[in-house]
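Participant: Sharing the feature lines straight out of Swiss-Prot:
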- 38-52: compositional bias 'Gly residues' (COMPBIAS)
- 60-83: compositional bias 'Gly residues' (COMPBIAS)
- 96-129: compositional bias 'Gly residues' (COMPBIAS)
- 276-453: domain 'Helicase ATP-binding' (DOMAIN)
- 1-186: region 'Disordered' (REGION)
- 184-203: region 'Required for posterior localization in oocyte' (REGION)
- 93-99: repeat '1' (REPEAT)
- 121-127: repeat '5' (REPEAT)
- 184-188: motif 'B30.2/SPRY domain-binding motif' (MOTIF)
- 245-273: motif 'Q motif' (MOTIF)
- 399-402: motif 'DEAD box' (MOTIF)
Amino acid sequence: MSDDWDDEPIVDTRGARGGDWSDDEDTAKSFSGEAEGDGVGGSGGEGGGYQGGNRDVFGRIGGGRGGGAGGYRGGNRDGGGFHGGRREGERDFRGGEGGFRGGQGGSRGGQGGSRGGQGGFRGGEGGFRGRLYENEDGDERRGRLDREERGGERRGRLDREERGGERGERGDGGFARRRRNEDDINNNNNIVEDVERKREFYIPPEPSNDAIEIFSSGIASGIHFSKYNNIPVKVTGSDVPQPIQHFTSADLRDIIIDNVNKSGYKIPTPIQKCSIPVISSGRDLMACAQTGSGKTAAFLLPILSKLLEDPHELELGRPQVVIVSPTRELAIQIFNEARKFAFESYLKIGIVYGGTSFRHQNECITRGCHVVIATPGRLLDFVDRTFITFEDTRFVVLDEADRMLDMGFSEDMRRIMTHVTMRPEHQTLMFSATFPEEIQRMAGEFLKNYVFVAIGIVGGACSDVKQTIYEVNKYAKRSKLIEILSEQADGTIVFVETKRGADFLASFLSEKEFPTTSIHGDRLQSQREQALRDFKNGSMKVLIATSVASRGLDIKNIKHVINYDMPSKIDDYVHRIGRTGRVGNNGRATSFFDPEKDRAIAADLVKILEGSGQTVPDFLRTCGAGGDGGYSNQNFGGVDVRGRGNYVGDATNVEEEEQWD
């Protein structure tokens, strides 16, 4: 199962994944596992000991209820909560707030999520059937354990105080699809009454309007920012506007310039120099630049300025700008940047993304907003319900377009761009770190007479990141990680391969007195946002993340990136280490290379290190010898394919490439 950080159209946030736990082989397991010893299927009731008796997490039988606290992973350290830092008597790792840890129920023990472990559970669109087994009397049973046998009363209607908020009854572990499955039928083939479900959604905290907080979140230019002047730039298209050299020469509104200055921006980056005049002139744009190069400001500044310069009447449910992002975290980041640049103007900025209350977001949107930032699934949900239409849309921005293609959003992108309500006279802007041929051909359906801008990659910016590669097998990784973090742990992101591995490593580090949190696709949206807040404000020194967090995380003061597990694609390596050393600042990246597992990217890794002036270890050269890899040493993430004879799409005459130094 992949890390699905994409957006679900309708989400029951507290019940997400309803018992669907996967290991490296993509096999699904009940959260409570197979009951052994005293585990009793994770003590399904009062504490909901997560994975109580499952041997495959810590290599031993969990201790049932997790000390009565509902601790994550059941018997982890005498019932201590998630990450080991909170111990006996607490209801969850954040303490008593509900969540999906102890007492609340949902998809975790007790209320119906896993239904005692060996009983079937009602996840997803009807859930898995659960494990059949025989009791001591030899009776075959499925998901109908007596209360005494399953370690606590399930109680379909817990009081709010007991479960941390109003929840759905039995089977709320899935995505709340109202259809019958095997768990609706008892052993006598009688239909089990399907009681009414209640659903609880996460409502994000209101964004701050404090100027200091709004303008202090960005990353200031570093001492190596001047290197950006040496990055090569290629521009393709007809009648291309000339680049700007200063924000003051970009014909932006005064209030936008004031907010740019408050943000600490002094000189535009190469992508901003080229993109701002193109967008201001009314042209479509396909822009290719690496993460951390200022892409977000490159499209927000001219768009917001244009809205102020040429105001149109604001109609409810008809945004004038639609910005689509592949991940929730990136959408939130763009939302915060838009609020910053539109500060003290009359422009209204809205956001819609999955894992949060649809009703709450709809209330915000129906107040009217000029700009909507959205993830694809949730945006289409609003569109399908006619809460959002595109009659007044003047700008459409597809950010991280290559990532959207990788995540399977190509059809969603087509549905948005070709929607019957889409205003014909709109500008389409596509931004990405890479533009492979496939996505350029699809873009040809949407863009007209567009300008293609490619900003040089790797060399200049990555040379600001000191890259170190260690040869470490999988059994030595934890001790090596402790050794590195003992020197300096603050502001460290550790990338791992699996969601389960992220939680396990976060728990391990917390027990070693390194305040650690994790972020991945199986965590509830409230927990994902809380994890980022804790890491940003320094209360958590270390953030464990899966590879999908390698894009979109623009966090101040990230000092160190550690590849605990190497990615399978070299592009992901570049994106990961790009979390540090941003906007001309120094950074540090450390990678654990396991020759048995990571040999396939060795040749590409050697090219990356050589291209950025880094030391290449002998063991890595040996592993990469004879392999050519798939990585190209070209300095650009994409080449305009319109000049090729077999291209079908925009028929614009393409001038010879310009190179702007």
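Note that Cβ sites are derived from N, Cα and C of the backbone, with glycine treated the same way.
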Participant: Six or more residues out from either end of the motif 'DEAD box' (399-402), which same-chain residues have a Cβ under 8 Å from its Cβ atoms?
Facilitator: 295-296, 299, 323-327, 330, 334, 413, 430-436, 439, 443, 551-552
Participant: So what's the average pLDDT for the repeat '1' (93-99)?
Facilitator: 38
Participant: Mind checking how the motif 'Q motif' (245-273) divides into helix, strand and coil residues in DSSP?
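Facilitator: When I sort the residues of the motif 'Q motif' (245-273) into the three classes, I find 16 helix, 0 strand, 13 coil.
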Participant: May I have the DSSP-based helix, strand and coil counts for the residues of the motif 'DEAD box' (399-402)?
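Facilitator: Split by secondary structure, the motif 'DEAD box' (399-402) comes out as 2 helix, 1 strand, 1 coil.
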